[in-house]
Each structure stands twice: as C-alpha cells, then as structure tokens.
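Worksheet: the structure to be examined is printed underneath.
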Amino acid sequence: MDVTAKYELIGLMAYPIRHSLSPEMQNKALEKAGLPFTYMAFEVDNDSFPGAIEGLKALKMRGTGISMPNKQLACEYVDELTPAAKLVGAINTIVNDDGYLRGYNTDGTGHIRAIKESGFDIKGKTMVLLGAGGASTAIGAQGAIEGLKEIKLFNRRDEFFDKALAFAQRVNENTDCVVTVTDLADQQAFAEALASADILTNGTKVGMKPLENESLVNDISLLHPGLLVTECVYNPHMTKLLQQAQQAGCKTIDGYGMLLWQGAEQFTLWTGKDFPLEYVKQVMGFGA
C-alpha cells in the first residue's frame, strides 16, 4: 500500500493496545477496497484521552475506534450520541465530520449479529451477562432492543457496579427487557441464573492475556449443553471459558465474531462503503 498525502487517518485509542487485531483487519479491508485511508493504533488511557481527542480534531482525522479503558469516558467528548449509545452509556466509534464528532457503539450490534449468524434466535431468551464495562453494556442494550426477555448481569462490587445499576434502570425504562444486577460474589445466585439461562456472555477482560488461565466460571458443572456461551475476548482465540463450555457440551461463539461484525460497521461509518467481509475473514483466518 502506497500512502500519499491524499490519505486520511483513522485511529484506535486504547490501553493496552499491542494485542489488538483491529489495525491489521481494517488496513487489509481498506487496501482491498482501494480507499484512501490508513488506520493506526495509539496508546491512550483515561488521563491522555482529552488531549488525544483534541489531536484528532487538529489533525482532521476521519475518526477513531475506542477501546478499554476509554469507552465510557469518550461519551463526554463527542457532540452527538446515537440513541443506542445513550442507552449503553459508552461508545467504541467516533466519526469526525469537519470537527463535529458523532459517537456510535458497534460492539453490541456486532456481537448480536455474530449470535444471529450462528443460527441462534435471541428473541424471548434469557442472557447471563458478565461485566458492566463498555462492551458488556453494549451487548446487553442491543440484545434488549432486539428481543431478549431477560438479562441477568453479574459484576463485582467495583467501580462499575453503580454504572451497572444505572444501565439496568435505563434499559428497564426504555425496553421490554428486564435487567437485574447481582454481585458476582454471590455464587449461589450465579449458579441459579446459569441453570435457567439460554446464553452466557463474557463481556469482561478475564480470559484475555495475561489472564488467559482465568475464567469467571469456577465450576464447569454450572454449564449445561443447552447453553450458548459467547466471548468478547479474542486473544487468545480459545479462552478458558470457551474451553470449559466445549467440555460441557455447550455451543460456543469466539471473540472473532464480534471483532469482525463490529469492525464491518465501523468501516462503513468511516468510509461510506461496504466492508469486504469474505475477503477479511479469509486473510485474517476468522472462522466467524
């Protein structure tokens, strides 16, 4: 790819950043489509995020992806949020139109799309959702919008717990889905929730390097063959949770599905063009 002065810059702002496959995926897609953009990763944490957004404007970047730990903070730095992003309270995509910043969240649509592409119908189903960060709440919000009957959200009593309660209130007030929030330390409640669940989704970083030997499911007997287990983590590809799920006879969806479909939507938001899906799946080695 020969980058010229006509090329526009798209970024990814996250910390840590070196594990991300998004730059490789998006640049392969941009090159295949013959579009004058290049995608670069920038190591940005909460402290440096405000300055990074000023830099985005000053450099007239087309936009940026947003990942941990900036997804919720980023909402404060855009001029407009989509209705779904407001419900989530977090964004993973910024589009810059001549200095006017719009915030989107493609994590939820991407993950739910991956579930649907597997042939699973979420309407009327119950999901156990692990975590209350940006990706997790995006999945919950989109699932509620698209027909989940109930979401049982489990999170530790950390800085995200109050945010989880606020998220549940927003979803309960604006959709027909019922959301409850429980401390993950309550293992009896967790076991009871899994027993009646149709879907278990890990929206946390547990399982991602360097936590690849960890899982929030401490007892594999809690997983039953009728359960669909889905991951947001894609590095490593086969997390400990997915290994447990396969041993228990569950159907699984790895983190590549969400990465692919959320990235496809981002690509279109930034470029106005269709994402070369089949090509990217092939060159990236995704089985999604």
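The backbone N, Cα and C atoms fix where each Cβ goes, and this holds for glycine too.
Site annotation (Swiss-Prot, ligand NAD(+)) includes A132, G133, G134, A135, N155, R156, R157, D158, K205, C232, V233, Y234, N235; from G249, G255, G257, the additional listed residue is G255. Ranking the binding-site residues K71, R157, K205 by how many Cβ atoms sit within 10 Å of each one's Cβ puts K71 at the top.
Within the set of binding-site residues (D107, A132, N155, V233), the lowest number of other Cβ atoms found within 10 Å of a Cβ is recorded at N155. Classification of G134 (NAD(+) binding site) by DSSP places it within a helix.
In sequence order, G134 are the binding-site residues from G134, N155, R157, V233 with a C-alpha within 10 Å of the C-alpha of D107 (substrate binding site).
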